[in-house]
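Following: one structure in structure tokens, then a few remarks.
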Amino acid sequence: MHDRIRHAGLLEKRMSAEAAAALIKPGMTVAMSGFTGAGYPKSVPQALAEQMEKAHAAGTDFQIKILTGASTAPELDGVLAKAGGMELRLPYMSDPLLRKRINDGEIEYMDIHLSHVAQHAWFGFYGDINIAIIEVVGIREDGSLIPSSSVGNNKTWLDMADAVIIEVNKQQSAGLEGMHDVYYGTALPPFRKPIMLNHPEDRIGQPYMDVDLSKVIAVVETDAPDRLSAFAEPDAVSNQIADHLLDFLDGEIKTGRMTDKLLPLQSGVGNIANAVLAGLSRGGYRGLKAYTEVIQDGMLGLIKDGTIAFASATSFSLSEAGIAEFNKHVDFYRERIVLRTQEISNHPELIRRLGCVALNGMIEADIYGNVNSTNVVGSHVMNGIGGSGDFARNGFLSVFMSPSVAKEGRISGIVPFASHVDHTEHDTMLLITEQGYADLRGLSPKQRARLITEKLAHPDYKPMLEDYFERALRDSYGKHTPHLMGEALSWHQRYIETGDMRL
Ligand code: 0RQ
């Protein structure tokens with residue numbers, strides 16, 4: 001028997017990616033595996049894109065709606081965006097070409113909290129799911145599926161879809177088997193029950209995914225690596241941000257709000273979050289826990305050196321070196337990592353119970369602490385909110401970090417009014433730039449405005465913010481959250497007109 005496909009019936013369903021892609025028809029809703037460039041189908045989407053291009057060349061429209069776990073890769077989002085084959089895409093994405101098409105107004109994109117996606121699908125908000133395409137490491141004798149390098153929404157897609165295409169990727173380490181915990185206890189209101197997970201390392205599900213074998217219409221074999229996520233080497237700015245976070249955490253330990261084991265860490269995506277995590281190893285912590293979505297290189301390093309004793313996530317997002325390290329020591333990491341469905345990794349009930357410390361990047365914050373994670377100059381989407389809102393709203397601490405300026409100083413990361421709000425002032429507790437940190441807990445709006453300006457703003461922009469706030473204090477319609485409405489977004493408008501927020 002085939003060593004990766006150990007079920008006789010499914011072995012019979014093997015076919016080429018082209019034949020499997022031909023089963024997908026225009027107008028369908030197709031749900032795919034994949035989360036932060038890991039565990040996405042590698043060959044059927046490429047074959048589908050070719051068929052779409054042929055159809056378009058022949059004058060026939062061929063578009064589908066695509067649902068995933070989170071971001072995928074050029075072989076999925078990139079090729080389908082290029083082929084003009086996407087009518088709608090949700091939730092998180094990060095592919096440059098897809099981003100461009102969305103920002104050019106050619107593709108409808110729905111940005112949704114990652115914990116909401118599965119339940120919204122079950123509630124029927126996205127209509128029927130016609131086909132699920134799911135990458136797995138292998139198929140067991142009983143037909144159950146060994147999940148791949150991400151779990152994401154795969155359980156939901158397998159359960160809900162009318163038909164299923166399975167990609168078996170032999171390049172994924174067989175050592176991933178046993179690392180997953182797929183929870184089958186979710187129900188819909190009013191029948192929901194508490195989820196009995198009390199520690200990041202608790203196992204509440206099963207290592208394999210079930211699939212109704214009668215729904216499987218194709219099994220495709222692949223042999224290709226995940227997208228490799230290259231991270232920028234931590235630079236002076238990200239190291240300063242990490243140092244401010246370490247200072248703050250030391251203060252929390254001294255006041256007794258946390259012990260030196262902290263509370264379970266969540267770390268977002270991107271260069272800053274990755275660098276900050278790597279910086280935590282300088283803090284001298286041992287035996288920490290993580291309850292997070294994504295394991296980037298920085299976290300793998302912390303697990304290796306013992307800073308983090310255990311990490312729960314839904315996905316990996318590793319560089320080439322990170323994947324090599326993981327594959328080489330997979331038995332070590334399997335004892336210290338569990339991958340769950342994203343409805344559990346990002347579940348508000350569990351994040352609140354565990355008291356996560358949420359560490360996420362941001363695009364900009366305003367003087368009152370509203371945070372924009374997604375839309376540059378209020379309209380150009382970068383990646384999406386991902387899970388940052390799940391953790392920021394429900395965590396013990398919500399931390400947002402960014403350099404104080406972007407684009408060689410032409411953009412300030414601290415502005416009078418956020419041009420798009422993902423996390424409101426009610427959800428943000430600690431903001432950090434390389435200039436310092438602002439602890440907003442227990443402060444009123446005007447107190448926040450003074451502290452944010454003083455501690456976080458770049459020297460080029462600090463006098464401008466002080467001037468704005470003083471005039472707002474004097475002339476604002478109301479004095480609770482003083483603003484000059486005609487001027488609040490003028491920095492962004494100036495950037496659009498002159499390419500620089502500075503006067
Ligand atoms: O642009 O790529 O052209 O150089 O944004 O910025 O500073 O390298 O920071 O990689 O940490 O990303 C918010 C995007 C930050 C990320 C964001 C430009 C900047 C650069 C990247 P270039 P940095 P990071 C859980 C958590 C939302 C999702 C989330 C993110 C690029 O953290 O996607 O948190 N967060 N999920 O130049 C214009 C500004 C800018 C700006 C930065 N004010 N104006 N451009 N940039 N600030 C994980 C998941 O949910 C899956």
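Here the Cβ of each residue, glycine as well, is placed from N, Cα and C on the backbone.
From a predicted model like this one, the values you see are computed outputs, not experimental measurements.
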| note | Cross-ref TrEMBL: CoA site Asn383, Gly387, Lys407; candidate in list Ile363, Ile432, Ile452 matching that site is Ile363
| query | Which site among Glu293, Ile363, Asn383, Lys407 has the most other CB atoms no more than 10 Å from its CB, taking these as recorded positions? | reply | Glu293
| query | About how far apart, in whole Å, are the alpha carbons (Cα) of Glu293 (active site, 5-glutamyl coenzyme A thioester intermediate) and Lys407 (CoA binding site)? | reply | 28
| request: Mind computing the max CA-CA distance among Ile363, Asn383, Gly387, Lys407, which the record assigns to CoA binding, rounded to whole Å? | output: 26
| note | For the domain 'Acetyl-CoA hydrolase/transferase C-terminal' (322-468), the DSSP residue counts stand at 49 helix, 38 strand, 60 coil
| task | For the domain 'Acetyl-CoA hydrolase/transferase N-terminal' (10-221), provide the mean pLDDT of the predicted model. | result | 98
